[in-house]
Amino acid sequence: MEKPASAKGSNRISRRVVGLWEQLVGEALRAQEARGSLEIGSSRRRDYGSSSYTVPQFLQDQTNIESILQAARDIEPENIQVSQILYEYAFTLVHQLDPMSEGRDVLQLKTGLSSMISKKRIQREGQKLDRTDDIQVISDYYKKYRERLDIANLEDEERKQQQESTSSGGMPESQEWRSERLRRAYEIANILQAVIDSLLSDADPVEVAKLDLASQGKVILEEDAKKIRKRRAYNILPMEEDGVSNPFSYFPEVTGATKALLYTEGSPRFPYDYVMPENRNLDVFDFLHYVFCFQKDNVANQREHLILLLASSQSRKGVLYDGHRTEGSAVNEAAVDDVYERVLGNYMRWCDFLLKEPKAKKAKDATQQEKIYLIALHLLIWGEAANLRFMPECLCYIFHHMAHDMFELFRKEEVEWSSQTAKPSEDGSRELCFLEQVITPVYQIVAAEAHNNGNGVASHSAWRNYDDFNEFFWQADCFDHLSWPWKEDAAFFMKPKKRSYDDNDKTVQHAEPAALLSQTRGRRVGKINFVEHRTGFHLFHSFYRLWIFFICMLQGLTIWAFCNQNFHVRTIKKILSIAPTFAFLTFFQSVLDVLLMWGAYRSTRHHIVMRMLIRLVWFGALSGGVIFLYVKTLLEDRQGTGSTIWFRIFYLVLGSYAILHLLIGMLSHIPWLRIRTAEWSKYRVIRFIKAVHQERYFVGRGMYERLWDYFRYVLFWVFVLFCKFSFSYHFQLLPMVVPTRLIVELNNINYVWHDFVSKNNHNALTLLALWAPVVMIYFLDVQVWYTVTSALLGGLEGAKDRLGEIRDLSMLRKRFIDYPQALVQRLQPMNSSRASRQISLAEGAATDGKVIRSKQDAINAIKFAPIWNEVIKSLREEDLINNKEKELLIMPEQDVMQQNSWRIHWPLFLVANKVHVAVELAAGNKKNLELLWEKVNRVEYMANAVEEAFETLQPVLENLLNVDGAQWVRSLFGDIKEAIGSQAFVANFNLTNLREILKMTRKITKQLWRNKTAERVSKVEAALERLQAVVMNGFLPQDIREGFERWDHSEKPLFTNLNWPDRNGQKDAKRLFNLLTVQKINASKTLDTETIPRNLEAQRRLQFFTNSLFMHMPEAPTIHKMFSFCVFTPYYAEDVMYDLKKLCEENKDGISILFYLQKIYPDEWQNFLERIGLTGHTVDTKVDEKNEEVILQLRLWASYRGQTLARTVRGMMYYKRALELQAAQEGASTADVEEGLQLSGGLLERSAKYQAELKFTYVVTCQIFGEQKKKGAVQAADILYLMHKYDSLRIAYIDVVETMKDKKVTKSYYSKLVKADPYGQDQEIYSIKLPGEVKLGEGKPENQNHAIIFTRGDAIQTIDMNQDNYLEEALKVRNLLAEFDREDISLRPPTILGVREHVFTGSVSSLAWFMSMQESSFVTLGQRVLARPLKVRMHYGHPDVFDRIFHISRGGISKASRVINLSEDIFAGFNSTLRQGNVTHHEYIQVGKGRDVGLNQIALFEAKVASGNGEQSLSRDVYRLGQLFDFFRMLSFFYTSVGFYVTTMMTVLTLYVFLYGKAYLALSGVDASLQADNNIIQNAALQSALNTQFLVQIGIFTAVPMIMNLILEQGILRAIISFCTMQLQLASVFFTFSLGTRTHYFGRTILHGGAKYRSTGRGFVVTHIKFAENYRMYSRSHFTKAMEIIMLLIVYLAYGAEDRKAVNFILLTFSSWFLALSWLFAPYIFNPSGFEWVKTVEDFEDWTKWLYYKGGVGVKIENSWEAWWFDEQTHIRTNTSRFWEIILSLRFFIFQYGIVYHLHVDEHSTRLNVYGFSWLVLVVIVVIFKLFTFTRKSPKVQRLLRLFQTLLFMSIVTGIILAVVLTPLTIGDVFAVGLALIPTGWGLLSVAIACRPAVKRLRLWESVQEIARAYDACMGILVFIPIAFLSWFPFVSTFQTRLVFNQAFSRGLEISLILAGNRPNSSV
C-alpha cells in the first residue's frame, strides 16, 4: 500500500508538536502517578514501565536501555542526582537511535523520560552542557556505594570460599546472597562506566584534564565494570559463572558427567586464534560449536542438558566413586550407552527402515567420547530446529549428514569449519550459520505451506502439513532428491502458489513471482503417503474390518431369522450370501484406497501405488468371481435338478480364500505368530504377501502385545460381541420377521398421496421406515454393551487395586495405626536390613487401637511423623483446616528413647477426650480390672490414650518437683504399677476420686506448658497440694497410705522450689494437657473429634492419600537414584492471579467473585482470616487502606480457588518440597532417626535442596510474556511475582524483536528462558534465535514446542494451567517415575504414564458437578479399562508423564498441524503407540483438574472436543491405527475414540429416522392401512430400538461407569443418593443437551470442516447470560433441530392412526419430546437468574435490538443479527459442502408433499397438480411477505404503502373467511398449510444459502435474508414465550437458583438480592 505523504519523510512532525505532545503526556503521567495504584504488584509493574514508559523492542535489541532505567529506579531513593543523569543518558540514547520519534512507542518513551528529568538538564539543540560535574557526582556516588555495600570485604570472602576445599555439600545461603549482591553491584558499575564514557565524549577536554579520575575511583569503577562479563545468569548448573560456587560439584554423578564431556587428547587441536573459555575446560560442545556454528546459547543449553541426562543415568546405575573427589572419573560406559540408545534410538530405526548404514555405527565399538559427540550433535540440532522438531525424521536426515561431516573432521589435525554444513555468511558472522543454512530453508517452505492454509479454511488436501514434510524423509530417494548441503532448487523446496479467499469463499490463486519460480525445477512435491480428504468415507476406510464384520453379521443373523432358524443346506446357501457381500465391501475398500490417495500420486513411492493397484485388481477379480459363482449357485438351486457343481466350486473357492485370509490374519496379528512372521521376512514371498495385505510405514511396525494381554482383550470383546449379537438377534431382528413378511404380501394399502416407489414394489418404503431405526440401533448398541462391560470390569479392576478401601473418616481413623508401616513400605526406599524386620500389613493390621510395642514400629512412626505433619501443614497453608484442627491432626514428636519405651504418640484427633471417658468408665466400675480394661479397649485408641497419659504424667511431675517430691511421685507410681500388675488396682483403689485427680492434673499441666510467672507457680503449687490431698485421703488404699505418712510429717515441703520445665518439658506438658482436657469448639460445645477435619476437600485428600498407601505401586528408589523429571505448563493470556479490581467488581446482582468465593467456601474463608490474624471487617479496612500485604494475601487466597496459573504453580512446586523432605530424611543417619531428631536445617537441608534441584525442574511457557512486559500487563507482574516466590520456576517465552531497516520494520523471533533474581527482576538465561514466526499451526503445541528445549530430565509431566497438585500426592512421584523401569507390565516399557485426575470444580454449580462426575468416571474407571486389558489408552491431555527422551526424538509431546491436529494432545498418544510406545494408567497418585462450570463454557468445550474428533477421523494417525491394530484392539480403539462420537451421532440420527419413518407412514396413509395389525406397528424390535435410543440419549449408559465408580469409591448408599440427586437436578436434561452439542459439531466437521479452538473462559458462573447470546450460540446446533422434531411429532399426532393420539402416543414419543424440550430450554434452565422477570424483560429488549440491527462493515456478531447470520454460513465453503447441504435440506420438502394431500379442499385427490398448486400458494405467500416488508423513506410514499398493506391484509382475511364458508377449505386446512410450508421455506432458505453465489447473481439475496430474519424472529418468540410465562411466578426463579447452584451460593445469591438496595432488581 502507498504510504501517505506525511509518512514519507518529506513532511516531518514539527518539533513544536512533539514538544507539546511531550508536555501533554508528561502531565497525564504525573497525574497518574499522583493517583497511585490500588492493586498490589504496582511496584512490580512499574519495573516494566507501565507507570510511565514502555521501551520498544527494537531499542532494547540495540542498547541496554531497560537495564539503565532499572538502575535509575534503584538508585533514585538514594541519590536523585545520579538517577537523573541515568534518565538523561537513556534519553540521549533513544534520541540518537531515533531522533524523529518514528518508531513505535518511541515518542511515548521520550515523553516519559522527560518527566523524570529536571527541565534544566535536558540537552537542547546546539547547546553544550558542562559534564565534568556529572562525572564527579557519579564517581563519588559509586565510591560511597561500594563502601556502603562493603564490596571489598565481600570479594575477599568470596575468594576465600573458593580457595577452601570443603566437603560442606553445598553452597550456603549466605554465599548465594553474597554472589547475587556482587553481581548486582557489578551491573551498576558497568552502567555507570558507560555513562561516564558518554559524558567524557561530550565534556570539555580542558575541564576533564582537571579531574583526578584515579582519585575519584575511576580505575575501580572500570575494574568492577569488567567483572560483570564473567557473571551471567545460569539455569541449574553454574558452569561458567565467575564468583558462583557450584554446589553440584559435590555430587559425583554431576562431576563425572562434566568430565565425560571434556575434550580429550588426540582430538583435532583448535586454531591458535580460538578464544578459550575462561572458567572451564574445553569440551565436545566447544568443538561442535566451532565446526557447525550453532548458536552460543543453544550450546550452553544443551551442554547443561546432556550433563544432567548423563548424571541422572549414572545415578541409577550406581555410585560412581566413594570419597575420592580429587581422583573423580567420568561416568561409566553403561550410563553413556543408556543415554546414547535413548537419544539415537529413532535414528537407528530410521536408518534400518531406509536400509542405510547409521553413522552411529562408527561409534558403536568406539570410545565413550565419540558416543557423547553423537549425542551432543543430535541435541544441538534438536535444540535449534525450532518448528522442525515436529519432523523427527527430517532431523534424522540432518543428523545423518552432519555426523558424517563430524567424523570426517575428526581425521584432521586441526579443527576446521564444516564446509558441507556451515558456510561463511556475507558479513563473516558464524553464530547463525547453522540456523540460516540448515534450518531456515526447510522452515521457509513449511511456513509457506502453513500460511497457504487460509487460517484453517483451506482443504487439508491443498497444502502440506508437518506430517507430509516429515514423511518425505521416509523415502530412500530423499537422499538423492535433497543431497547435502540442501539442494534448494529441488522440488521439495518449491513454494506453493499463494491462495486467498474472496467474499464468496472462492479460492483465488496468486502466481508466485517469476524470480522465485525460476529457482525451482521439476514438479512441486506434494502429499506423500496420505491425503486428508474431507469425507465421511474415512470412517469406513480406517475401520473397514469393523464395518464389514458388522454388516456381514447383520446379514447372516437376518437370514437365519427369516429361515425360521432351520438348519439345512438351503439355509447354508442363503447364509453364504455373506461371501459376495464381504468380497464387494473389500473391493469397495480397495477403491477407497485409490480414491482417497488422490493428490499424492505424483509424490508417493511407486511400490505404494503398485500395492493399491494389485489390491484393486485382486479384490475386483475376487468380488466378481465370488458374485458370479454365487449367482450360478442360486440359479442351480432354483432349477431343482439336484446338481451341486456350482455350489461345490463356490464352496471350494470360498473355503480356500477364507483359510488363506484367516491364516494371513493370524500371522499378522497374533503376537507369537507375528514374531515368527518377522523372522520369515527374509523370503520374498512372505514380504510380498505382507506388503499386499498390510501397508508398511516407518511408524506402525511391531504394534503387538504379549500373548497374555492379547488373550485378555480378545476375551473381553468375545463377551461383548456375544451379548450384543444375542440381544440383537432375539430383540431386534427376530421380532421383525413376521411384520416384514406381512407388509411384503400386503396389496391393499391405500396411499393417500401420489406414490412413486412403494405401491408396486412390495411396499419398499414402508419396510424401510420400519427397518431403518432397528438397523441404526444394531450398529450403535455395541457402544452400549462396551460401556456396561467396561464399567463392570473397571469396577473389578479398581477393587483389585484396593481403591475405595478408605472412603470416610471412620475408616481413616481405624486404619491410622497401619499408616506408618504402610508409608515406610510404599514411599521410602527399601533395604535388605529393614526388609527383614518388616511386618506385613496383613499381619500387622490392628483395628482395635492396640499399641504395638516394637522398635521397628516406633521407628516407622518416627519416619512417618514428619511426612504426615508436612501434609497437615500444607492443608493449613491452603486454609482447608484451622489452627485447632491442625493442632489435633499433627503427630507429636516421637521421643522413643525416654525410659526405653517404644510407645507411639498418636495425633490428638485420635486420642482427644479419650482419657476423660476412660475416667468416667473407671469411676463407675465396681468389678475387676480385666473387665474395665476390656471396656477401655472397645473404644478406638482409648487404651493408647490412657497408657500415654499415665506414662507421661510421672516424668512431668518428677522433673517439676524437688528431690523429695520426685521421690514421692516415684513411690506413688510404683505402688500403682504393682497393683495393676497384681490385678488389685480396681479392688483396692478408690476410682471415684479419679475425676478430682484428673481435674487437678489438668490445672497443673495447663500452667506448665506456658512460660514461668509467679502467678502460675502459685497456681501449680496449690493444685499439687490439692492433688496430694485427694490421693492421700481418698484414692490410695489404707495399707499403701501408711507408707506415705513419712512425707506427711516431713519438715521439708514437697511442692516448693519447683523446677519449671524447659522447652521440651513444656511440649510434654502441653501434650499431656491436651490428652487430659476435653476438646471444645467454644465454652459450651464439645468438639467432636470424629469429624476432624470438617472440610470436605481435606477429608477427601486425606482419605485418598491414606488409601493409596495400601495400593500396589513400585518400590520407591532413593532420591539419588530416581528418574529426574520436569513439569511443563503452557500458558497464553489467562489469569495468573485475580487482581483486586476483578475480585471486587460486582455484576448487576451485586455479586463479586470475592463474595461468591466467600459463600462457596465459607469455612476456608474463616480459616484464611484466622491465618492472617484479621476479621472480615478488618480485611475490608486494610484493603481500603491499600495494605499491600493483606491485598496480596487476599488475591492469593482467591486465586488458589480459581483456575489460575498461580494455583497450578503452587501445586507443582509441591514436588520440590516433597523431594527436599524425602531427601532430608534419607540423608539423616539411623541414629538420628531412632532418636527422633529433626531432619531439617543447615547442611542437611541444603544438600536436600540441591538434590531436589537435580531431579526436578518446572518450566512454564508463557508465549506472550514479552509482549505482556512491554504493555505493562498485570499478568507479567504476577508471573514475575511467582518466579520470585519459587526460585526453581523458569519462564520460557517468545520474544519478538523489531528492527528498522530501510524504513521497514522487520521482526526476529527468539526463544528465551528467564528466572527471577533476588531483587525480583527477571534474568535472561538463554536466548535462541528462531528461523521465523513460531505459530505455523495450532497455538498450544507450537507454544510447547518452542520451550521444550529448556526442559530437563528423563521424564516430563504435561500440566495445563487449570490444574492443581497436592503435597501428599507429590510424595509419590518417585514411585510413579519408577514405572518407567518396570518390564513386567507389558511387552515394552511404558512411554506415557497416565495419572488419575480429581475435578476440583464440582462444587461450583450443578452443571460443574455433572461434569466432574462424568470426567471422574472417565479419568479413573474409563482409562483404567483402556490401559488394561484393552491396551488402547492414549494421551487425553494433562497430567500424563512422558518418557521425555523417547518423545523429543520422535516429534514431541503433541502435534501442531493446523486444524487437523486441533485436539493436539491425543495425537501424542497416537504417535507414541505407532512408534512402539506403551501407554499405562496409574491411580495411586492424583492431580487436581479444573473444568468448565457454566453451560456455555461446557458447550464450547464439548464443541472443541467433538470438532477435534471429527478432524481425527480424517487423520493419518487414526487411519494407521485402525489399519495396523489387530481386529479386537481395533474395536477397542474405535469405540473409545472417534467411534464414541459416531455412535453419539447415530443416536440422534436414529430418532430422526424413526420420526421421519413415522411421518411417512402417517402422511402416506400406510399407518391407517396397517392399523388392523398391531404386530406390525407395535412390534418388540421397534420398541427395543426406541428404548435403547432413549437410554443412550438421556445419558443412562454414560452414567453406568459413573455409578460404578461412585460405588467403588464411596459405597453403594452414597452412590445411589448421588445418582438420585443428579436426576432431581435435571442431569438427564443436561446430558441430552450435551448429546446435541457433540452430534452437531462432529457431524458438521465431517461434512464441512470449520473446526477451531474455542476459548471457554474457565471463570466462575456468577453472571446471567442474555437470551440473545444463548440464541446465537444454540440456534443452529439445538433450536432448529428441536423445532424440526416437534413438527415431526405434530405431523404424527395430526395424521397418525386414531388410537395413538393419547397415552400410546405419549409413551411412543416420550423420548422425542424429552429431547426436543431439553434442546430448547436447557440453556435457560441452567442460566443464572434465567427466570427473573426484570432480566427476562431486559433480555427481550436486547434480543429485539440485536435482531433488527442492520449491521454493516466491521459489526460484531454480538451486535447484529446480520453479522451473526453471515458468520453461521462460513462452514459452507466448498462445492462438496454445498452439495451435502442441499441433499440434507431436501428432507424438509416431505412435509409439504405429504400434508397437501390431507387437506379437505383437495377432496382426497392424489394427482400431482395438487402438489404443484401448493407451490403456487407458497409463491403467493412470499410475494405477500415482500409487500408487507417493503419500505420507503419518503413519508408520502410510506403513507400510501401503509394504506395499501392495510387493504391487502383485510382482503386476505376476507378471502380466507369466504373460502372457509363457500368451499371445502376448513380452518384446520389453514393451519395445515402453515405446517406444510414452514419446513419448505426453511428448506428453500438452506438451499439458497448453499447456492449463495447464484442467488446473489439473481438478486434475490436480500429477500432470502429478510425471510431468514423472519424465521429467526418466530423461532425466538416460540422459545421466549414459555420463559416469559414462568418468569411471572417468583417461586420459579427461586427453584431454578436452588437447582443451578449449590446451597452455599444459593444463600449468597438471596442475600445479595436483599442487600441490593436501590439496584434495579431489588424492586422485584
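Numbers run from 1 along the shown chain.
In case you wondered, yes, glycine gets a Cβ from its N, Cα and C as well.
Noted in TrEMBL for the protein shown:
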DOMAIN    369-487  domain '1,3-beta-glucan synthase component FKS1-like'
REGION    153-176  region 'Disordered'
TRANSMEM  543-562  transmembrane segment
TRANSMEM  582-601  transmembrane segment
TRANSMEM  613-633  transmembrane segment
TRANSMEM  645-667  transmembrane segment
TRANSMEM  710-731  transmembrane segment
TRANSMEM  762-780  transmembrane segment
TRANSMEM  1533-1555  transmembrane segment
TRANSMEM  1779-1798  transmembrane segment
TRANSMEM  1810-1828  transmembrane segment
TRANSMEM  1840-1864  transmembrane segment
TRANSMEM  1870-1890  transmembrane segment
TRANSMEM  1910-1931  transmembrane segment
When you scan the chain for residues with a C-beta under 8 Å from the transmembrane segment (543-562), skipping those not six or more beyond its ends, what do you find?
571, 574-575, 577-578, 581-582, 585-586, 589, 592, 725, 728-729, 733-734, 736-737, 740, 775, 778-779, 782, 1522, 1527, 1530-1531, 1534, 1539
Residues outside the transmembrane segment (1910-1931) whose C-beta sits under 8 Å from one of its C-beta atoms, at least 6 past its ends, are 1667, 1671, 1675, 1679-1680, 1683, 1720-1721, 1724, 1730-1733, 1736, 1740, 1743, 1747, 1761, 1765, 1825, 1829, 1881-1882, 1885, 1964
Tertiary contacts of the transmembrane segment (710-731), as residues 6+ beyond its ends and Cβ separation under 8 Å
553-554, 557, 560-561, 670-671, 704, 778, 781-782, 785-786, 789, 793, 1428-1431, 1526, 1528-1529, 1531-1532, 1580-1581, 1584
Using DSSP, what's the helix, strand and coil tally for the domain '1,3-beta-glucan synthase component FKS1-like' (369-487)?
73 helix, 1 strand, 45 coil
Quickly jot the same-chain residues contacting the transmembrane segment (645-667) by Cβ under 8 Å, restricted to those at least six beyond its ends, or write none.
573, 576, 579, 622, 625-626, 629-630, 632-633, 635-637, 673-674, 676-677, 689, 693, 1527
Give me the stretch from 613-633, 1533-1555, 1779-1798, 1810-1828, 1840-1864 with the greatest number of Cβ pairs under 8 Å to the transmembrane segment (582-601).
613-633
Other same-chain positions with a Cβ less than 8 Å from the transmembrane segment (613-633) and lying at least 6 residues past its termini are 573, 576-577, 579-580, 583-584, 586-587, 589-591, 593-594, 646-647, 649-650, 653-654, 657, 692
Spatial neighbours of the transmembrane segment (1840-1864) far in sequence, C-beta under 8 Å, 6+ residues away:
1800-1801, 1803, 1824, 1827-1828, 1830-1832, 1870
Can you tell me the mean pLDDT for the domain '1,3-beta-glucan synthase component FKS1-like' (369-487)?
89
